[in-house]
Amino acid sequence: MSEVSPLIFARGQGYSVSEDFCPCRAAVEMGENMSKRLKLISATDAEMEERSFPNPYPDWDQGVLTSNSGADVGYNEPLDAEGKVSTAFQNKVQNKIKDLLQQMEEGLKTADPHDFSTYTGWTGIALLYLQLHRVSNEASHLQRALDYVKRTMRILNGRKVTFLCGDAGPLAVGAVVHHKLNNTADSRDCLSRLLQLQRSVLSVDSEMPDELLYGRAGYLYALLYINKEIGADTVDEGTITKVVTAIIESGKNMSAEQKKMDRCPLLYEWHKKQYIGAAHGMAGIYYMLMQPGAKVQPDMLSEVVRPSIDYVRHKRFRSGNFPSSLSNESDRLVHWCHGAPGVIHMLLMAHKVFKEEKYLKEAIECADVIWQRGLLRKGYGICHGTAGNGYAFLSLYKVTQDKKYLYRACKFAEWCLGYGTHGCRIPDRPYSLFEGMAGAIHYLSEMEKPEESCFPAFELVPVN
């Protein structure tokens with residue numbers, strides 16, 4: 001997987017490239033694909049609407065649960081009369097998971113043998129099998145996860161240090177899988193190698209960014225993931241504090257450079273652009289800093305993180321969606337990587353930490369945008385697809401216990417049951433966790449225990 005600047009064409013060829021380009025993906029193909037991307041710069045309103053399918057589902061009707069009228073039966077499917085995911089729907093989901101797993105395993109035979117990443121490579125598949133083991137407790141899934149972990153260990157290259165795109169992901173997942181299998185020595189070896197990566201993360205001369213995919217927040221996630229899965233003190237607090245301090249100091253320095261300390265004390269950019277979303281932007285960084293395991297001091301959260309969150313909040317569109325960057329005024333992208341489906345997680349965590357209703361109110365408005373515009377033509381994946389958008393509803397459901405959001409999550413899962421039938425774009429890595437089929441399977445598997453759902457490589461603890 002190659003890291004591509006969103007300004008790559010602008011620098012060399014005089015083009016102005018749309019922020020619809022997600023730098024998470026592989027290098028942009030030339031020829032026809034390039035012309036299609038450039039066309040998006042001057043996209044009409046009609047073309048913008050084509051980014052998503054019209055939502056064909058009726059919204060949740062609270063009255064159905066309290067009504068005894070037989071005419072209402074079935075309206076809120078796939079929830080049953082008690083507001084839980086129905087057995088019939090769960091069976092349908094399980095059958096689809098088996099079918100998709102078979103397709104995925106067959107397709108992976110032709111996948112890039114050198115892509116060890118969580119984002120598009122073998123570690124993502126290992127993480128999927130860990131999830132399937134978590135919800136089913138089937139030993140075979142844990143063994144399959146180990147198979148993929150072993151594959152990744154042979155091809156690590158040390159070039160990147162994050163959970164999603166670098167060595168930290170395979171090493172953290174390897175440590176967890178070996179721990180669950182009681183392979184203590186192997187688990188400790190993975191952990192030791194993971195901790196060695198902090199040198200480049202903490203280096204003052206490092207050109208490392210701070211965002212989730214390629215930066216310090218992505219390394220911080222790996223440490224927090226270890227402590228969540230293995231034990232609270234597996235990575236010591238001192239190590240985590242050093243990484244957190246590096247992220248905060250970097251944000252303060254950027255803010256001072258931009259003369260925004262009074263408005264946004266923590267400011268971050270990636271490839272010279274101040275992104276907002278979860279993947280490359282401030283929402284993802286603030287979200288990690290608010291994690292309980294990050295142990296950021298309450299006064300630091302209140303005085304530095306909260307005003308920065310509020311600065312980003314005020315960039316919100318009237319629709320309830322968020323721009324991809326501070327400089328972008330186009331309300332187009334409704335993805336986890338760019339837009340409301342990523343920002344909603346920051347808002348929910350802010351509501352938990354600061355106990356202010358305004359954050360929950362805006363999270364609910366994000367959910368409405370996602371319900372209207374979240375069935376994406378880009379596909380069913382997690383980064384910029386329907387599954388990733390569905391996780392927003394699950395997270396909001398865990399906070400509010402409002403069946404409306406469980407219903408919406410189920411409807412997005414229902415859409416994913418039709419995998420491949422809607423005429424969506426085929427991803428560059430069609431079987432991967434963040435772009436393709438593995439991500440849809442991961443999301444579908446959450447229907448088994450929605451109260452325990454966890455967005456892979458991003459969420460750590462329930463925010464309720």
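Just so it is clear, glycine is given a Cβ too, placed from its N, Cα and C backbone atoms.
Annotated Zn(2+)-binding residues in TrEMBL are Cys383, His384, and among Cys337, Cys410, Cys416, Cys424 the one listed with them is Cys337. Annotation for the binding-site residues Cys337, Cys383: lowest Cβ count within 10 Å of the residue's own Cβ, Cys337. Summarising the environment of His384 (Zn(2+) binding site), the number of other Cβ atoms within 10 Å of its Cβ, over all protein chains shown, is 28.
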